[in-house]
């Protein structure tokens, strides 16, 4: 038995274990499956709270020091005078101590492994707690820390108990030797930096403390020491075997027996008992402390993310008299994971991974995850058609896997290893001195999590190059758990250490021939000689801010090429932290906002959801692209559609198809049809469509699939899929619009004034701009109607460019270098003409920078007898400048409309390369809802393919994109945080005839596909505008 050390704190610290890669722990207990130590089978079967497991979460005492050497020896037995109360779990940076640091690649400390700075912030935690005398007499008492960042020493009642590092896996210690009846005292010294920090260089906030649960666990003297269950299925998946191994510990285990029982809906499905002593292993014998049983199961209910059917497995340890000593339990899902014929399969079916990467992040609590937030994440993922999650880039809170088992998500469980900032990246992976530390991070993860059916892939870590240590760990995992594939992206995504080709940010059709680690196009990669593995992108579609363009292109490739089996979007949640400004107002902060250096600014804002889990518009794009139903318009007369189910295992029995036929948003007919579709089958539906009278407008068939009843992860009437088609309509000839009076032109010294009844337009003769429009005596413009060729840069436009590190290839730098953000108009022509039935104003502008013309814009404005302003605009773009972000017009309107209505794509923000989720229809939204509150302000709020826009007295018609905003493009460009934006008078109207895509294959290189770049050098557009 371990004997607690009487050494003083200073002597223990003098060894500097935190700078020795060969020391990852002292006296930490071996890894095993999670324990609860129930006293009876009924409680274990019901997963009730166990009386032998006691939470130590709550208020602890805390003292903060700049370095561990500053901590007085006396602290191990008594609190320091400056101690304050702090919650556990928490990150101390979120409690007002020290500084959170956000950095992506660059290490937050000087790179000199295994050494860390002498200034090493240190948190000293203490807690007094009570222990019942019966606990001490009846067995062993352990303490379990589920997560401490980055390393810690533990004392109990003044005696040193051990040391541990690896922030993301449990550390468990036996306290039995030093506990006493009544009051006891824990003291935990936590270091911000240790040599393990060189293995934890993930793209995230760097924070410290006891950030996961702490608990006391009581085990009887003889107890279950580990358990492992493996499901085996026959070729027809209608018979199964559950292979179970249990390990025991304690002096009397040889006299004991374990009963293993499989339960389903409260009933025993299979049971078996065995005494310890495995079969003969080798010439030296067997495992005396282990036992194995096999439970046969006929017609098992199979687990998948679609049908998360679970059984409950209990392990009851009894002594020689039949008394229960210890009970453990876990959920079991019968499923088989394999790679065959180049495809990743579950239960014999090739998967299409609809995945997302997820960091454990909470805006107020940092890296502390509560159950409600975990459940909310899963519910949102399921509602938006995700079926998989990658635990990027470390093992998650233990509860996460249980919830994934029960809700149904496929999981990639990833080891807490990333050395992205090393040069070369593989430096530690090829160093045998670091093998023990890397090994523990992989092996302990597998031993903790291997009973979870949701985990279908193990990952050796992230962005650590490729080295011999990876090859060794790959072999260990494959030997220890041959039931799951292993993936690892480092070294080029297709090394011998991965069963899956798992690149990050490879593009559909474009090669990226980087030296040493090329990224081939996806279509090319799967066709390369001797490459037979499935390809699943471990990261793709970088969702940073206003991004996610081209996502539909990936999904077209996934659906057309079976070995392209999907991928994991980067990433789930914006990693912003809540901070208060000088006035006490909360805002979401990113890198640098805490004075943290180094920092990577807003690069932590890559989420599909905001920090509070409000969706970004990109989330709806993912939902539509990934939907589990596909539709085909078979014929229009009769009106017939096919609905195909992409579900592999689930019979559709909770879905209803609801359809309507609408003309310009007005519903002409509607109906609903119950769906009963077997997996991967099709249901044909004939829709009773009425005869359409000739009338203005387009006719659209809209179909939605809704879940009629609530599920574990969605409310009733949740829409899970949709589609629409434009239907042929009778030819309609619109009658001519008859005006009541012709407009009148007056040529004045400074303006061309056009009048029509209660309206007047002023075209400034010096600038050529429409500077004012009076309607019923009210001025409606605050700023003139002007050409608009730029946008407030998106994150994807900026790329990695910074003030101190310019990337000349970034779109924004190319636009700046060309002078496109510094344009000055030169008027070449401004003339008016009175016609018999109308007035025309013709202008020609050269938009110049440094004396060079970049754009020529010719506008012909016509005001007709109905008082409608018609615009006809021709734009020429200089041949030697980069393609512009937009071609359109902008003005500041005097009114601030409450709402806006439009006929076009909506209701949510959409851009030319991100509009799969947008639907043709008539939409009405409040003005504020037309703005997307990205934390880092950029151009936002566009609605594409608009035919009609109405707000206040204004009505525009044509074929254009638009945005309405309280914020000018200049303010959006100049402001660093959304909370600093100030609403401007009136509102800004942007009318775009052409708008470049947002891109999103990645956010550090130009990624807008060629078809969404404004390649043409001559463009023309027209629209009409009237006021009532």
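Glycine is treated like the rest: Cβ placed from N, Cα and C.
Here's what Swiss-Prot has on this protein:
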type	residues	note
BINDING	104, 203, 463, 539, 540, 541, 542, 606, 1004	substrate binding site
BINDING	203, 603, 606	Na(+) binding site
SITE	359	site 'Transition state stabilizer'
SITE	393	site 'Transition state stabilizer'
BINDING	418, 420, 463	Mg(2+) 1 binding site
ACT_SITE	463	active site, proton donor
ACT_SITE	539	active site, nucleophile
BINDING	599	Mg(2+) 2 binding site
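In this view, residue 203 (Na(+) binding site) is surrounded by 23 other Cβ atoms within 10 Å of its Cβ, with every protein chain counted. For residue 1004 (substrate binding site), the nearest neighbour among the listed recorded positions (359, 418, 599, 603, 606), judged by C-alpha distance, is 603. Candidates 104, 359, 539 (recorded positions) were compared with residue 603 (Na(+) binding site); those inside 10 Å Cα-Cα are 104. Considering only the recorded positions 203, 359, 418, 606, the residue whose Cα is spatially closest to the Cα of residue 104 (substrate binding site) is 203. Cβ atoms within 8 Å of the centroid of the Cβ atoms of 203, 603, 606 (the Na(+) site) belong to the same-chain residues 104, 544, 570, 571, 575, 600, 604, 605, site residues excluded. Residues within less than 8 Å, Cβ to Cβ, of residue 359 (site 'Transition state stabilizer') and separated from it by at least 6 positions along the same chain comprise 204, 392, 571, 572, 573, 575.
Not a single one of the binding-site residues 540, 542, 599 has a C-alpha within 10 angstroms of the C-alpha of residue 420 (Mg(2+) 1 binding site).
Of all the recorded positions given, namely 393, 420, the one with the smallest number of surrounding CB atoms inside 10 A is 420. The Cβ of residue 540 (substrate binding site) has 27 neighbouring Cβ atoms from other residues within 10 Å, across all protein chains displayed. Residue 540 (substrate binding site) falls within a strand segment according to DSSP. There are 21 other CB atoms within 10 A of the CB of residue 599 (Mg(2+) 2 binding site), with all protein chains counted. Close to the recorded Mg(2+) 1 site, the chain also has 105, 201, 202, 203, 393, 419, 421, 425, 461, 462, 464, 490: residues not among 418, 420, 463 whose Cβ is within 8 Å of the site's Cβ mean position.
Each of the binding-site residues 104, 606 was ranked by the number of other C-beta atoms within 10 Å, and first place falls to 606.
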